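Visitor: I have a structure I would like to understand better, so I am pasting it below and will then ask my questions one at a time.
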Amino acid sequence: ALLLLVAPQLAGAAGLPVVINTWAFRKAAETAWRVLQLGGSELDAVERGCGQCEVDQCDGSVGYGGSPDESGETTLDAMIMDGNTMEVGAVADLRHVKNAIGVARKVIEYTKHTLLVGESASLFAVRMGFPYEDLTTQNSLSVYSKWINQSCQPNYWKNVVPDSTKSCGPYKRPEKVTCKEEEPISQRSVHNHDTIGMVVIGASGTVASGTSTNGAIHKIPGRVGDSPIAGAGSYADSTAGGAAATGDGDIMMRFLPSYQAVEYMRMGTDPTVSCQKVISRIQKYAPRFFGAVICANTTGSYGAACNKIPGFTQFHFMVSSPLLSQPTEQVVDCI
């Protein structure tokens, strides 16, 4: 789910957009927009908007109680980026703390680091005042149980014994490796993973971005996707624009799509075309990947693009701007 926010009119300045995905994500857009209208910063808007999704468990793919990993645990990834200073705060494989985007913000404010991971990130969060909680729910337990009963299908292992396409592990490396063609990614990913990604362009052109997710469902414990990686999950640069991505992070992170989209916009490329060019680059290597990117430049122009695969031919996202009376759903046809 992706959200684009363009700031309200402030001191006569032209307001710019904010972009995000639909349904439960609409509330996140409204929350972020309200922060801007009340005089909050672009970073505040990103933190509060993504945080709203964490509370509401948007689509089951953000926040606690969703996407259990292979051991049944929900872990969280998030990042936030300041396009003025180029500072980034991020957490990955965060356990027992619900407000991942909030912890990411604290990484910027109270450390000289960029990314904290795992149980150590959780300990940092507790020192910052966040409660230590169980992220498991009845829903995530039932999803996990159902998966176990289906012989752990689908999963993310390959070239192991026992055969990962037919049985649960524990898996190990075989004596002799015979590489098999990877399964089509599309059907595995389209309905089991999403992210909230947000780009906020302030009235003065200031850019901030962020993401939050509970990652790929049934992921191998320790897996980190694109969401908390600067330039992959999102990127913000107040001299050019911002972008955010959603989809199959294991593939998308290899191409730094958000960074690349911002660089296209820096060269003067239209935001929609910038997003399309990024998707096209990935298509050459992974034609069946599931993914989408949103882009917004500092003048408030915005666009999005997605890769067309069976079951995913259009991409929906939300936009708020002074020109719109409320967060509005936008749709693009995938390429």
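Going from the start of the chain as shown, residues are counted 1 onward.
In case you wondered, yes, glycine gets a Cβ from its N, Cα and C as well.
Any TrEMBL annotation is an automated prediction that lacks curation.
Keep in mind the model is a prediction, meaning the values are calculated, not measured.
Annotated active site, nucleophile per TrEMBL: Thr195, in sequence order. Per TrEMBL, substrate binding site is recorded for Arg223, Val224, Gly225, Asp226, Thr246, Gly247, Asp248, Gly249.
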Visitor: Rounded to whole angstrom, what's the largest C-alpha distance between any two of Arg223, Val224, Gly225, Asp226, Thr246, Gly247, Asp248, Gly249, listed as binding substrate?
Guide: 16
Visitor: Ranked by the number of other Cβ atoms within 10 Å of their own Cβ, which of the binding-site residues Gly225, Gly249 ranks first?
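Guide: The most densely surrounded of these binding-site residues is Gly249.
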Visitor: Where Asp248 (substrate binding site) and the residue listed as 'active site, nucleophile' are concerned, what is their Cα separation in Å, rounded?
Guide: 10
Visitor: Just the number: how many Å between the Cα atoms of Thr246 (substrate binding site) and Thr195 (active site, nucleophile)?
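Guide: Just about 6 Å between their Cα atoms.
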Visitor: Would you please pick out, from the recorded positions Thr195, Thr246, the one with the fewest other Cβ atoms within 10 Å of its Cβ?
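Guide: If we count Cβ atoms within 10 Å for the recorded positions Thr195, Thr246, the smallest count is at Thr246.
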Visitor: So for Gly247 (substrate binding site), how many other CB atoms are inside 10 Å of its CB?
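Guide: By my count, 27.
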Visitor: Show which residues of the chain containing Val224 (substrate binding site), separated from it by at least 6 in sequence, have their CB under 8 Å from its CB.
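Guide: Result: Asp77, Ala92, Asp93, Val117, Gly215.
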Visitor: Given a separation of at least six residues and a C-beta threshold under 8 Å, show me what packs close to Asp226 (substrate binding site) in the same chain.
Guide: Ala232, Gly233, Ala245, Gly249, Asp250, Met252, Met253, Pro257
Visitor: If I take the Cα of Thr195 (active site, nucleophile) as reference, which of the binding-site residues Arg223, Gly225, Gly247 has the closest Cα?
Guide: Gly247
Visitor: Please work out the number of neighbouring Cβ atoms within 10 Å of the Cβ of Asp248 (substrate binding site), leaving out its own Cβ.
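Guide: So the Cβ neighbour count for Asp248 (substrate binding site) comes to 24.
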Visitor: Given a separation of at least six residues and a C-beta threshold under 8 Å, show me what packs close to Arg223 (substrate binding site) in the same chain.
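Guide: Correct list: Asp69, Asp93, Tyr156, Gly215, Ala216, Asp250.
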